[in-house]
Structure formats: C-alpha cells, structure tokens
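Q: Once you've had a glance at the structure underneath, I'll fire off some questions.
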Amino acid sequence: MGFDNQRFDVNLSILFTELPLLERPAAAAAAGFTAVELWWPWPDAPVPAPADLDALRTALTDAGTQLVGLNFYAGQLPGPDRGALSLPGEESAKFRANLSVAADFAQSLGCTALNALYGNRVDGADPAAQDELALKNLVLAAREADRIGAVLLIEALNAPESPKCPIVSAPRAIEVVDAVNAASGLDNARFLMDLYHLSMNGEDLPAVIDAHAAQTAHVQIADNPGRGAPGTGSLPLADLLERLRKAGYEGHVGLEYKPGPDGSAASFDWLPRPASHS
Ligand SMILES: O=C(O)C(=O)CO
C-alpha cells in the first residue's frame, strides 16, 4: 500500500515542461507512465486551430499514453489567473467557448475527468454576482461533461498562493460541488482533492480524506513545502494515499509537482517501481 499499486499519472503541464508540448507524452512514456493529465494546453486559445488539437491527440496516442484528466480553459496558469469561469466579461466567455472544444477533445481520447477552475475575485466586481455567474457556467460545464460521460471536477487551490481565489478549502469546494449538482440535476460534479493545495491551507488532511473520499473523483499530489516530488518536503504522502485507498478511493493520483534541478525524468526516484505506472 502507500505508494505501491497506486494509479499514478503525470501532469504534463508542470512536469516535462522543459520539452515542447508534443514531446511530453513520449517522455512520460519513456519514464514508465501510461497515464497523463493536462491543464488546458493553450492558455491563449480557448478554441485552438483543429490542427493543434489533432497534433496533440496524435502525440498522446502515438506515445501510448491515456489522458485521464484535462482542465477546461482557465487563463494563464499557474498564475496570475486561477480560472476563468467566474470572471465577468471576456474571460468567462472564453470559458464557455472552450466547453465543447475541450469536451470533444477529451471524448476523442477517452478522457472522463474535466477540471473547471473557479477563478479569482475581480477588483470592483460584486462577489455574489461572480458566484452567480460561476454557478451558471459550472452547470453548462456539467452538461458538457455529461454529454461525453465525464465527471466535472471542482478543485480547491491554496490561499497563500491564490489570495484572490475564493475556493481555497475543501469544505468550500464541496459546497460548490453540491450547488452544481443541485442546479444541474446531473450528479456528475465531484471534488478534486489536491493534497498539496489543502496542506498549504493548513487543513487536517486525514480528516478531509475521511470526510470527502466518497465525493472525490481525482487526486493530485506534491510535497510541501516547495511543491516538489514526494520526499522533498514533509508531507506523509504514502500514508495519506493509503488512507485514501482504505476510504474507497481507487482513481488516479496525478503527479502535479515541480521537477528538481536534474529535470523531470530524474524526478521519479521516489516511486517504488521503475515502470508501468498507470
Ligand atoms: O493551478 C494550479 O496550481 C492547479 O493545481 C491547477 O490544476
């Protein structure tokens, strides 16, 4: 248990970013991974050229990698933006334009988890109006996810690094999950439990796992402090993943950490076995 027999996938928007996007799936495969996840790969293009979508699809399939998680358009990540769907005006329009494009892309690759990042509070905008807009857009996202048989993930970020984002605790993310499910009637919104972000918030991780494993459809990890590989900080990640497993979570665990100074390929030494992480 612990790190053994986990279904790890590599986040290709934070690991292997020393390589061009289209070379990252093969690099992940060479490191022994068969599953990968991505933030929206074109931060400046919610609706990219079909040729760009085709090229990425080909790179993923040629490498033999399965896409297991995809973020909808979320602006510039990891900052200054933290999502687009609650921002009045142009940014949330871009989010809506992206919905069917991202869902179609995910469907074409058999990816069944779509992450919708909430976005920052905007100076001068009414927070209640932003929340109302967010709920409308999340219901649209839930419908798009449902159309392709996917879950809609809601992630809590961390307050120190995302001071303007209102979704910075597990209970707040769960409130959004519940509100989206109530408004959509689809029951396909789920919690994305990112143990790094929650630990940065000072949350009681075992208690979060015990309370919310059943509503969780994706997990991401990085150590804290530093957002590096497991073992570079002080989080008991093996114990926490074991606890999640015992609480019934059997899904993927995304490796969403920054590589060390020797690069991405050298940042998997902590894994208990060298190949075939899926
Ligand atoms: O922006 C981040 O830090 C994320 O975890 C996005 O998924």
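The backbone N, Cα and C atoms fix where each Cβ goes, glycine too.
Pasting the feature list from TrEMBL:
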ACT_SITE  GLU155  active site, proton donor/acceptor
ACT_SITE  GLU256  active site, proton donor/acceptor
DOMAIN    26-272  domain 'Xylose isomerase-like TIM barrel'
Q: Just to be sure I understand the packing, how many Cβ atoms besides its own are within 10 Å of the Cβ of GLU155 (active site, proton donor/acceptor)?
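A: The answer is 22 other Cβ atoms.
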Q: Far apart in sequence but close in space: which same-chain residues, 6 or more away, have a Cβ under 8 Å from GLU256 (active site, proton donor/acceptor)?
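A: In sequence order, the residues whose Cβ lies under 8 Å from that of GLU256 (active site, proton donor/acceptor) (at least 6 apart) are ASN11, ILE14, LEU15, GLU37, ASP194, TYR196, GLN220, ILE221, ALA222.
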